[in-house]
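> Please find one structure pasted underneath; my questions will follow.
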Amino acid sequence: MDSRREVEESSTAPILESKRTRSNGKGKSIDGDHSPPHAATVVTTKATPLQKGGMKKGIAILDFILRLGAIGAALGAAVIMGTNEQILPFFTQFLQFHAQWDDFPMFKFFVVANGAAAGFLILSLPFSIVCIVRPLAAGPRFLLVIVDLVLMALVVAAASSAAAVVYLAHNGESRCKLECHLSAVH
């Protein structure tokens, strides 16, 4: 008799099962309630794919910021070197030497290489923006890597040649005087 009472109590208790929806949006009522559902909720068992490229997008943003810094550095080096002029007294104040960047081909190479690097970096900004918008695109990234490697080699060669001339101007060479090298340049 107790089992009959449990069945009776369980049939009057509210049922906490979820309603299943059909493709037409009408739900099957369990309690015999034929009122339309207030809001049709569609539950799927398929997993939604996660967006890929989150880390690559962050790297592309960092690349864009570093590219802006490199533009400033290359353009600043070219402008400072291009507008530089130095007056050096030789023996007295009346005998002076005017040194400019275009007196030496290595300094010309330095200015032109930094100007070209700044120009190519400005032209590469749209490709960097494409890498931010489409982080999984491999073509623009590969192009940026190749152009950056060529520009790095150009700027390093220009800076090392200018540094070699400055080193010779300050320290000289033990076997030959600096005038020997400067006469060979012109």
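Every residue, even glycine, has its Cβ placed from backbone N, Cα and C.
TrEMBL feature annotations, pasted as is:
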REGION    1-39  region 'Disordered'
DOMAIN    57-176  domain 'Casparian strip membrane protein'
TRANSMEM  59-81  transmembrane segment
TRANSMEM  109-130  transmembrane segment
TRANSMEM  142-169  transmembrane segment
> Could you tell me what the rest of the chain brings near the transmembrane segment (109-130), counting residues at least six beyond its ends with Cβ under 8 Å?
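For the transmembrane segment (109-130), the list is 60, 63-64, 67-68, 70-71, 74-75, 77-78, 81-82, 101, 137, 140, 143-144, 147-148, 151, 154-155, 157-159, 161-162.
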> In the domain 'Casparian strip membrane protein' (57-176), how many residues does DSSP call helix, how many strand, and how many coil?
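Output for the domain 'Casparian strip membrane protein' (57-176) reads 90 helix, 10 strand, 20 coil.
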